[in-house]
There are 6 protein chains.
Amino acid sequence: MRAEDRSDAALRPVRLTRRFTRHAEGSVLVAFGDTQVICTASIEEGVPGFLKGKGQGWVTAEYGMLPRSTGSRMRREAAAGKQSGRTQEIQRLIGRSLRAVIDLAKLGERQILIDCDVIQADGGTRTASITGAYVALADAVGCLLREGKLSDNPLREHVAAVSVGIVDGRPLLDLDYIEDSGCETDMNVVMTGSGRFIEIQGTAEGEPFSRDEMNRLLDLAGQGIAELIVLQKQALAAA
Amino acid sequence: MRAEDRSDAALRPVRLTRRFTRHAEGSVLVAFGDTQVICTASIEEGVPGFLKGKGQGWVTAEYGMLPRSTGSRMRREAAAGKQSGRTQEIQRLIGRSLRAVIDLAKLGERQILIDCDVIQADGGTRTASITGAYVALADAVGCLLREGKLSDNPLREHVAAVSVGIVDGRPLLDLDYIEDSGCETDMNVVMTGSGRFIEIQGTAEGEPFSRDEMNRLLDLAGQGIAELIVLQKQALAAA
Amino acid sequence: MRAEDRSDAALRPVRLTRRFTRHAEGSVLVAFGDTQVICTASIEEGVPGFLKGKGQGWVTAEYGMLPRSTGSRMRREAAAGKQSGRTQEIQRLIGRSLRAVIDLAKLGERQILIDCDVIQADGGTRTASITGAYVALADAVGCLLREGKLSDNPLREHVAAVSVGIVDGRPLLDLDYIEDSGCETDMNVVMTGSGRFIEIQGTAEGEPFSRDEMNRLLDLAGQGIAELIVLQKQALAAA
Amino acid sequence: MRAEDRSDAALRPVRLTRRFTRHAEGSVLVAFGDTQVICTASIEEGVPGFLKGKGQGWVTAEYGMLPRSTGSRMRREAAAGKQSGRTQEIQRLIGRSLRAVIDLAKLGERQILIDCDVIQADGGTRTASITGAYVALADAVGCLLREGKLSDNPLREHVAAVSVGIVDGRPLLDLDYIEDSGCETDMNVVMTGSGRFIEIQGTAEGEPFSRDEMNRLLDLAGQGIAELIVLQKQALAAA
Amino acid sequence: MRAEDRSDAALRPVRLTRRFTRHAEGSVLVAFGDTQVICTASIEEGVPGFLKGKGQGWVTAEYGMLPRSTGSRMRREAAAGKQSGRTQEIQRLIGRSLRAVIDLAKLGERQILIDCDVIQADGGTRTASITGAYVALADAVGCLLREGKLSDNPLREHVAAVSVGIVDGRPLLDLDYIEDSGCETDMNVVMTGSGRFIEIQGTAEGEPFSRDEMNRLLDLAGQGIAELIVLQKQALAAA
Amino acid sequence: MRAEDRSDAALRPVRLTRRFTRHAEGSVLVAFGDTQVICTASIEEGVPGFLKGKGQGWVTAEYGMLPRSTGSRMRREAAAGKQSGRTQEIQRLIGRSLRAVIDLAKLGERQILIDCDVIQADGGTRTASITGAYVALADAVGCLLREGKLSDNPLREHVAAVSVGIVDGRPLLDLDYIEDSGCETDMNVVMTGSGRFIEIQGTAEGEPFSRDEMNRLLDLAGQGIAELIVLQKQALAAA
């Protein structure tokens, strides 16, 4: 059995707490079970050099883990003097996922910087980050609309993400850390509110996987993401 | 008037939330008003190279701020590839303050690593960090005692810290960010439960200060720290 | 029409030149059209620290591009003082892909380091790298078998990779640089000789993609990889 | 007894040698006994980015130790690729201390960079640095006045620094290395010619210290700094 | 005897393959026996900051070795995070050598960046690099002339380089790796088409060398470089 | 005329001040006119990893310039986070020059680290460094002999260095900064007491130079180095 009697196709309890800290234009604490990530969205007027004068905006993301968010303490990346390859992969993925649902031309010459900082990790930190970051981004965009800096909402649709994997031959939704460590195949799926894919990253950790197994995992992911998007909408509907 | 009608000699509302995250041996969320810091204590068997074979333990600290813990976003130190001078000063201060109240020989050949990560900043992050880190350290030591790895408590006494400063000629306790930015003199004081000093760092930001002004600041600090230590004791007394 | 009248489902001309340089135990120049990568495999006795004493070997990879392998010169990563996030993602992918087809226990306590250095780039450098690196790895393993250091071949099956993508609504196999720059969806697929997946990385560069589009891309990729594996076998069969 | 029969309240022999090297606008070799530091002041037209257009100047400092200025050779920071936390703390302290006695608006849009390089260390390198750096700064300001680039002296008053500490229960002035290594409490005090404080940094190395002990240390420091300022004035009065 | 019955005053077989890769304005594979280096020349409009507005151009060089260009694998400099002292010495030498034969004022406000990447090493990589880089530079200049961006050829004369050394008391031309490792004296000589010196770097690896030995080495080098310049001219004369 | 009526073949006034600082086993202030360098030699028991167990010692060198040793302030390398290519070239040259005159097997399994720190620069810092470093090295070796750690002197002969160059067509000995900036050819020569070469580095800064010019420069260098070695011997003969 899975922890807390969870069924194979069930998400862990998901919470999306808006206005978690007070400085950022969007600030969300997202929890997928014991995985907890602070996602903030910061608006900066102006764009990076490579976009100057192109009449469009930019959305980018950074990711980090508190050193003791994990079972044994990891080295602090600021002290090590560099971000790991894993960190860079994840923050690039978060940035791509969010840019896929926003019309950068409509955003104008400004940048929204997303920070996802894991304060407690139990598997699925990157999918929780994307799911929470969308809500923070929506709050920051809401700010711009309310202040009259934007007249037209640049967000095209929702985006959320979930992990799926094959553990002991069974396809499971939303793996926790123990499941993730023991899985044969691990897949992170990023989808939109309209049910289309933004990113699929499937990796055989043990045995290579078949086309059929992939299809079963995508079915599970599609269902999970639909549920996550409902939760995002509920969170954003609250005052 | 100070924000929220605070009197000159009053602390902001202080909260010490133990077991804030679940992996670390000690994990405390400390709040001094809107300043919020996650303090964790991680036990590692073994000591750094310079202490090998000396029959004693070690306590050290690292400090960081989430990029958007502040009013405008700061650059992520892990992305910048190095910790600022300010960060290093603060983490060295936290480490020294905690080592001053623990008997490292009694701790045995193990290390306790303190991480103080600011999730929301409104002045006084270093003093809140020291005050919260002591409670996390006490919880980690409690762990070692309960597990029988230590038979004798190596903690000698409490330690807490507070900032004081002169703003528009008035000595104030526990400055918030606005007060700190406008103060003439800024002093961080670290004291023990027995009312003695571990560290005093006083800096004239504007005009140099007189001996008399310093004495009034130390009086305020002494009173504030006594109150903080009462709060630490209440927090640790809870189950 | 595609360049050089290529049909949608056709690979570019592929060459696998073994013994391209003379020092490495395996050294292959792989060309996918104008994309050219030198792949070497270097055997080192001993394993990294995290594997010491576990009775198994390791395969890892590094990737680089010569500064002027591209249309406009890129900054040299050694001069910049760090590898980009893209470089790290690619070298992690190459390493995972190769480890998936080798029995690390059978390899013994030694390491095979793969270096993939792009000398000319025209799209698909990571998939060419994986395809060429497998041949270099097979040559290095052949070395160990001939020298009697291994009695049993640790390679379980072939692995190769190809990119597929949707350009102007058409699914295409093995994108060149111009196609890759203009595609809506870009997918890198890594498969084994037995037709199963090791890694799928699909990204919507423009519009999100549907499940149906993904299926058509995977069909194309499966056919292309089967052809690549035939070419690997021919190359390895030569004296 | 202290080395060379020094009394508890006596400074070591202090020398301030102006024009020690010939390129810098101010260049002073300061000796506090066997501690020797080269302090130079370099004038640069223009200010750092954060001050552009604010109609004021800037004074900042850097600090270093020659690798064999100490009893056993330290690693060269340029070779290590970074400055230690201690180095950064000290150079920030020197900069703050000097800025406290100069009117930056009167200095105009130019910068004075102070370099303090320890060629021989025997305790008190930061206090000797501040004391010598003031003289180098005064010489650089003198240059600007003589050349007519400034009509009005921006220096408001003198600044000097000294260490005090409690060793075997006795308060001592101006600790040498052996005294510093064995002291219970170590305090660095920076004061102006008018007898007010710019910075106080007191640290309990062993036992916490009482308010009474602190008062005795500050008395000693005040007397020592008054003597140092007399020596600065004599040095600057010479041709 | 030397490898492959080479006489003491003979070069290894030298090949200069132009248009080795297709993106760079000049791209040459140079081989001195088993030493093989890809030399590219990249034209960039504009000059580095220190030359802005001086009405002249710049030529600079970078050098690297593929990790397994050598008998045992070297650490990748991009992964190590810095270029070695040896790498920096060599790339500075290549840059100086090329700048000595080009009229930078005639080049106009543009930069030519030379990249020399060793794909196989067997001694003499820096001298092969200079010899090949000249041909790549000449091709890039040819480009500028053909496109009408330059009307006047800024190249004043040829430049080539060779190593000479004393091995077992015998002066030898163009040392391979084994000879280089065992030599008493090693000298790298850079000369122009008119037979004058641009750079001489002679180093006693074992015994110091006499004036007479140096003269014999310079005679050998002069003859070898004259031959290399004939080969450069032949290569550049081809279509 | 040269500064201070110096003739073309004359050294600047040279001073070698032993025991300049007190901690190092050898500590020499060397002055070639206005160029002043502190050279220290530090003995460390043990050798670097690549020499462990080979029964020999090692000598290596580091070089630095104080930021304001020069006419305009240079960036501090420790603050920049890396040593420049020039610094690395010079320190490698100093190390090679000293190793050429010491029998490393006789030195035993210990290391002598040379630090050359320029406190005032006026041309010829690398040649002054080598000349002074030899004296510091001799003092450190003297220490080992006196303490009985060595019974046999590992130093085989003296080594010294000087720069020569062609300025306005005239060969000059020991260039100062102005001469060095304006010279056509610049050559650094390192020679032994027996009049043989350890290193020759000749560079055409402007016009390439002829064999005849080189010979005249080497004549000058040989004479200058003979004079420097007399001065080293006098310095070492003093008590």
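All residue numbers here begin at 1 and follow the chain in the order shown.
Backbone N, Cα and C define each Cβ position, glycine as well.
With B:GLY124, B:THR125, B:ARG126 listed by TrEMBL as binding phosphate, the candidate from B:ARG76, B:ARG86, B:ARG156, B:ARG170 annotated for that site turns out to be B:ARG86. Other Cβ atoms within 10 Å of the Cβ of B:ARG86 (phosphate binding site), summed over all protein chains shown, number 14. Along the domain 'Exoribonuclease phosphorolytic' (B:159-223), the predicted structure has mean pLDDT 95. Around the Cβ of B:GLY124 (phosphate binding site), the same chain contributes B:PHE32, B:THR35, B:VAL162, B:SER163, B:ASP174, B:LEU175, B:ASP176, B:ASP180, each under 8 angstroms and 6 or more positions distant in sequence. In the three-state DSSP classification, B:GLY124 (phosphate binding site) falls within coil. Taken residue by residue with DSSP, B:ARG86 (phosphate binding site) is part of a helix. The helix, strand and coil residue counts that DSSP assigns across the domain 'Exoribonuclease phosphorolytic' (B:11-140) are 42 helix, 43 strand, 45 coil. Around the Cβ of B:THR125 (phosphate binding site), the same chain contributes B:THR35, B:VAL37, B:MET65, B:ILE90, B:CYS116, B:VAL118, each under 8 angstroms and 6 or more positions distant in sequence. In the shown protein chains, 25 other C-beta atoms lie within 10 A of the C-beta of B:ARG126 (phosphate binding site). The DSSP breakdown of the domain 'Exoribonuclease phosphorolytic' (B:159-223) into helical (H, G, I), extended (E, B) and coil residues amounts to 19 helix, 30 strand, 16 coil.
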